[in-house]
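For Cys84, the entry in Swiss-Prot reads active site, nucleophile, with the evidence type sequence analysis. Feature annotation from Swiss-Prot assigns active site, charge relay system to His184, Glu186. Here Swiss-Prot flags Gly52, Glu53, Ser54, Arg116, Ile144, Arg145 as L-glutamine binding site.
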Amino acid sequence: MRIGVLGYQGGVYEHVYMLRRTFDRLGVHGEAVVVKKPEDLKGLDGVIIPGGESTTIGILAKRLGVLEPLREQVLNGLPAMGTCAGAIILAGKVRDKVVGEKSQPLLGVMRVEVVRNFFGRQRESFEADLEIEGLDGRFRGVFIRSPAITAAESPARIISWLDYNGQRVGVAAVQGPLLATSFHPELTGDTRLHELWLRLVKR
């Protein structure tokens, strides 16, 4: 199994480390590689889009010729996991909490609506215990300038919710082999969400 991590920004090497731990836990012979160029997409069984700044990631991926071939591969069935900014990149519709509709380079492959900066800026970062469909027990979510998943249309569905300032919003969603999270599972040391996604990859 060969999993790529989009390598422009954010928790790239944290995801590589978590993948290696997850391969060991699942007893899978796997390789985690960093993706920066179109040729790095060859032979992948799945791809992770990490956190960071979604506009910057999208612009770099487009400028370096990765965005369009990656979109084509995902539409043809390549499993993908997006965390925080990565969830924005996967989303079909994106708004900003302050300025409204956003025009930015996206994959746009999941039928979800995401609101950028929903939980505030860096200084409003927080952690919360989450219930996630498919996981036993709670999962500690790390939210850093995180988006919220405010809507999902079939075949996408929200698998984790959070009550925030009196509003119930989605913080994780799946659509076939695609997984989007508002939070940063790579910062927790808990491999269960990576395990959940790799099981989708193996199907």
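Note: Cβ is positioned from N, Cα and C throughout, glycine not excepted.
Here the features listed in Swiss-Prot are painted onto the structure.
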residue : record                           : Cβ contacts under 8 Å, 6 or more apart
Gly52   : L-glutamine binding site         : Tyr8, Gln9, Gly10, Gly11, Cys84, Ala85
Glu53   : L-glutamine binding site         : Gln9, Gly10, Ala85
Ser54   : L-glutamine binding site         : Ala85, Gly86, Ile88, Ile89, Val94, Gln104, Arg116
Ile144  : L-glutamine binding site         : Gly51, Cys84, Gln122, Ser125, His184
Arg145  : L-glutamine binding site         : Cys84, Asn117, Phe119, Gly120, Arg121, Gln122, Ser125
Glu186  : active site, charge relay system : Gly11, Glu14, His15, Tyr17, Met18, Pro50, Thr83, His194
Neighbour tally for His184 (active site, charge relay system), based on other Cβ positions within 10 Å of its Cβ: 24
Please state whether DSSP places His184 (active site, charge relay system) in a helix, a strand or coil. coil
Those same-chain residues, other than Gly52, Glu53, Ser54, Arg116, Ile144, Arg145, found with Cβ within 8 Å of the centroid of the L-glutamine-site Cβ atoms are Gly10, Gly51, Cys84, Ala85, Ile88, Asn117, Ser146, Pro147
Looking only at Cβ atoms, how many others are within 10 Å of the one on the residue listed as 'active site, nucleophile'? 29
Translate the DSSP assignment of Glu53 (L-glutamine binding site) into the three-state scheme. coil
What span in Å does the L-glutamine site cover, taken as the longest CA to CA distance among Gly52, Glu53, Ser54, Arg116, Ile144, Arg145? 13
Specify the count of other C-beta atoms within 10 Å of the C-beta of Arg116 (L-glutamine binding site). 23
